[in-house]
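The topological domain 'Extracellular' annotation in Swiss-Prot covers 1-27, 83-103, 162-199, 264-275 and rests on sequence analysis. Swiss-Prot lists Asn8 with the feature N-linked glycosylation site, giving sequence analysis as the kind of evidence. The annotation transmembrane segment is assigned in Swiss-Prot to 28-53, 61-82, 104-123, 143-161, 200-222, 240-263, 276-295 on the grounds of sequence analysis. Swiss-Prot lists 54-60, 124-142, 223-239, 296-311 with the feature topological domain 'Cytoplasmic'. Swiss-Prot lists Cys100-Cys192 with the feature disulfide bond.
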Amino acid sequence: MAWSTGQNLSTPGPFILLGFPGPRSMRIGLFLLFLVMYLLTVVGNLAIISLVGAHRCLQTPMYFFLCNLSFLEIWFTTACVPKTLATFAPRGGVISLAGCATQMYFVFSLGCTEYFLLAVMAYDRYLAICLPLRYGGIMTPGLAMRLALGSWLCGFSAITVPATLIARLSFCGSRVINHFFCDISPWIVLSCTDTQVVELVSFGIAFCVILGSCGITLVSYAYIITTIIKIPSARGRHRAFSTCSSHLTVVLIWYGSTIFLHVRTSVESSLDLTKAITVLNTIVTPVLNPFIYTLRNKDVKEALRRTVKGK
């Protein structure tokens, strides 16, 4: 499908998500894999939210932030994966302009929110391990609520400016988006107008969000590691590290895939690579989080055991 003249995003007309072209057997395999992973993501994160709500021992700031992260993962994957699954069906990749813009806004807003939430969770672990006697007085329920709310507000505000700029772009020629959801980079490639401002603003916001959240996380864990090393007993060190190991694992996976995603030569020559790596952030990481927090967290495992036994 092609258009011979440039059209503004407000002009009616669909885009087509290319998804994952290839042999039918491969597409069926990917469809089933993504479907199973999506269902596991929803069920796993709902289970964590339910566990925290059902057990008073888990109703602390740490698990309040975890519930926010679990809710975010459900929303994040739901904003992306159902349409991705639709691209495997004939004409399933067709998406309206409004639908594409809406999906892009929510996917990237939720992505920014995750960076902020992970930074807040790192700060919470810093207080719990480095300042245990003052933790209860500092990390009050009110502060935890404000930090979580601030993460959501900052995440959804950060993408507003680039989304507005993208909405003003004109497109000509092909409207086939070489991705499995409405990403910014493929839209920039399709535009027939100057995209320098959009690229600069998008890069600036991504740089500030990633660098800011990463900075808070790194500083927090620098203090945490220093404090753990100073603990004289091996048992004490293990106990202290176990309180943050789950979060650290999630942070390493999330930032690791982010680094791979942004280390690339050019937008045009790396769309296929970007599409493959983005699967880590949008599909793989959300399904891993519930299992990481369940398998590596003693309190969550105990709450799950009590729930299964009906106690």
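The backbone N, Cα and C atoms fix where each Cβ goes, glycine too.
Neighbour counts of Cβ atoms within 10 Å were taken for the disulfide-bonded residues Cys100, Cys192; the minimum is at Cys192. Nonlocal intrachain contacts for the transmembrane segment (276-295), taken as residues 6+ away from its ends with a CB within less than 8 angstroms of a stretch CB, comprise 34, 37-38, 40-41, 44-45, 47-48, 66, 69-70, 73-74, 76-77, 80-81, 84, 107, 111, 179-181, 183, 246, 249-250, 253-254, 257-258, 260-261, 301, 304.
Where the transmembrane segment (200-222) meets the stretches 28-53, 104-123, 143-161, 240-263, the count of C-beta pairs under 8 angstroms peaks at 104-123. A contact between the transmembrane segment (104-123) and the transmembrane segment (28-53) is absent, since fewer than 3 of their C-beta pairs, 6 or more residues apart, lie under 8 Å. Across the topological domain 'Cytoplasmic' (296-311), DSSP assigns 12 helix, 0 strand, 4 coil. With a cut-off of 8 Å between Cβ atoms, the residues of this chain six or more beyond the topological domain 'Extracellular' (83-103) that come close are 9-20, 27-28, 30-31, 34-35, 38, 163, 166-167, 177, 180-182, 282-283. Note: the topological domain 'Extracellular' (162-199) comprises 17 helix, 8 strand, 13 coil (DSSP; helix = H, G, I, strand = E, B). Same-chain neighbours of the topological domain 'Cytoplasmic' (223-239): 125-126, 129-130, counting only residues six or more beyond its ends whose CB sits under 8 Å from a CB of the stretch.
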